[in-house]
Amino acid sequence: MPKNKGKGGKNKKRGKNEGVDGEEKRELLFKEDGQEYAQVVRMLGNGRCEATCIDGVKRMCHIRGKMHKKVWISAGDLVLVGLRDYQDDKADIILKYYAEEARLLKAYGELPDTIKLSEGIDDDADDGLEDLIEFEDEDIDRI
């Protein structure tokens with residue numbers, strides 16, 4: 001059997017190093033005509049998701065092919081969507097904003113204050129969970 005030289009396949013895809021945590025520095029893109037900021041509510045599968053746009057409309061969004069299986073989108077992410085002229089209830093996801101970019105957009109006043117950005121899980125939040133459940137010695141002996 002020939003030895004794998006690593007010319008292609010998943011080994012080549014894994015070999016890319018793109019800065020810290022896969023994020024590379026890029027220019028911050030603002031919305032233009034026919035585009036809107038949106039926050040993903042839930043993932044639906046098959047490259048689709050449900051997102052609430054800044055204008056208050058809930059839209060079914062489609063992840064464009066360039067981003068499909070390369071940029072992972074989850075609930076709570078801030079995205080830039082392209083609105084469709086012929087379907088108001090559907091849109092296409094153009095760009096996913098990283099957490100730092102979303103904070104900058106909010107600081108520039110592009111996003112309203114009502115938008116809650118997902119900051120990730122804090123380590124302090126886990127410490128509080130340990131105090132919620134208390135076991136007595138009698139309960140443990142019964143088990």
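A Cβ is built for glycine as well, from the same backbone N, Cα and C atoms used for every other residue.
For 1-15, the entry in TrEMBL reads compositional bias 'Basic residues'.
Residues annotated as compositional bias 'Basic and acidic residues' in TrEMBL: 16-25.
DSSP labels the residues of the domain 'S1-like' (24-98) in these numbers: 0 helix, 37 strand, 38 coil. The domain 'S1-like' annotation in TrEMBL covers 24-98.
Annotation comment: TrEMBL describes 1-25 as region 'Disordered'.
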Along the domain 'S1-like' (24-98), what average pLDDT does this model show?
92
